[in-house]
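If you look up TrEMBL, you'll see 2 marked as active site, nucleophile. The domain 'Glutamine amidotransferase type-2' annotation in TrEMBL covers 2-218. For 61-90, the entry in TrEMBL reads region 'Disordered'. Annotation source TrEMBL lists domain 'SIS' at 284-423, 456-595. Sequence annotations record features per position, and here TrEMBL assigns active site, for Fru-6P isomerization activity to 600.
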Ligand code: F6R
């Protein structure tokens, strides 16, 4: 949560910083601010509200400067007020700092600094940092030494960027929060995530924990945790500037729903061989599976639902697999052994709960293979191996295309694991499944072009609550459908295993609670029966199923998906549910790309 950006280069930093912050708003949008070096010192503009509001203020104040830092906030310490907005400065305005993360020892540092006479004006943990830098500058002749000493005092997680009055450079550090360096001839960028500067450069360096960076308009220097100057290898990311814009769409979410055919094509490319019934995951060294006895998948939110899907594929193949909510995993007494393969599933690769589960697994000697979208992410770097879902950047806070790519990656990974483990076997119908997977991108286009979700949404606005039911592999889709719906419509929605409805939740069913029935996959018939039990109690049934599926006649409204392999039907049904959530939220005039209280990358536990 929170996004930071810094720029040093010949061009004016202000526009670059604000544009970059807009691309980072998925990380938080409670307040925003920038600080730039200009002739008269450090100019700071910040306020509660989203980036567009700071843009207006800056355009009015017409600040400029070639070196600057910026921040968009998801509040942790202190409410979203102007005072708590970053950058935070010293009372002398000598130092300005932006920060993503949590400073755990901020209370002790604040007490120490207050005793030294420093005055605080915000509730944030961050405000200790500019004062610490200022404090050590009084003792050191070089700012870099003072900055490093300040950083050494910090406990917790942080990505920090700082400006110091009359110095045309940015000082930055990372420990536990993401920070990427972008290089473009004589322009340099630092940001929490690549979309912030992708329109300027695709050449990036993923910084390591403990790194300190000094950016100047014509130079970027990296120092390791021992203070030694280091070269870090860079890479060219396979993302395009168009990937991070809205294009002709009203919302990122709608764009990302529509783009699923192309993102999924990238996920699948080169990995399936239907003729020989084989899966190729080039980045996974099969030897890593030697000695694996069981599999744990750990994840949060939407990624947890993808993990449920993956676990079902694994158990169907005879692999002992369990799914854990990542936030529960670390403290669980010893479910992990050296024979356990732990698969953290995380789009961002930065979710604190999932990283904590990954670290627990590593401590207990397990083998770890992360499934993630972000190549240089912390999860990718800390796991023994990574399998990338290749979905491209996702900006909408509500995950859509990354869920689809996660599920398909896990389907492929499950079969790879099953092929390697002694007591497991790949699916008998694997050639047919792989052939069907290759068709899914085309089928997604068909769903998106023909969906009647928008018409349906207009009838859905007045109900009390919304239920989603599914069985077997359609259960994770029901859970995901409900999560997406509540996340962006702010209406009450719950997903259930359809067989569980009559064991409690049926008490909630009335004519005011429509039930979405996932009539897809191998177990559709039973879900139809369960849906009819709700219909008998007055609920409207919205079926989602294949063209001529038996559920069509039993439903009050029916959203169709192409009649393909049962496993793939579930992926297509999920696209219909994404569209239902989107159109309902739109008609309710919700903040679709930035739902209230939520941020995309949840870097606190
Ligand atoms: C919901 C959503 C969240 C994330 C969750 C995990 O639409 O996006 O539930 O799925 O915060 O995030 P990652 O996958 O980055 O670990």
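The backbone N, Cα and C atoms fix where each Cβ goes, glycine too.
What you see is a predicted model, and the numbers here were worked out from it, not measured in a lab.
Here the domain 'SIS' (284-423) returns a mean pLDDT of 95 for the predicted model.
Note on the region 'Disordered' (61-90): residues 1-14, 16-18, 20-21, 24-25, 27-38, 42-48, 50-51, 96-100, 102, 106, 118, 121-127, 129-131, 133-134, 161-163, 168-170, 215-217, 599, 604 of its chain, located 6 or more positions outside it, place their CB under 8 angstroms from a CB of the stretch. The domain 'SIS' (456-595): residue composition by secondary structure is 70 helix, 25 strand, 45 coil, according to DSSP. Helix, strand and coil counts from DSSP across the region 'Disordered' (61-90) read 1 helix, 9 strand, 20 coil.
In terms of DSSP secondary structure, the domain 'SIS' (284-423) contains 61 helix, 28 strand, 51 coil. The 10 Å shell around the Cβ of the residue listed as 'active site, for Fru-6P isomerization activity' contains 26 further Cβ atoms across the protein chains shown.
Cα-Cα distance from residue 600 (active site, for Fru-6P isomerization activity) to the residue listed as 'active site, nucleophile': 10 Å (rounded to the nearest whole number).
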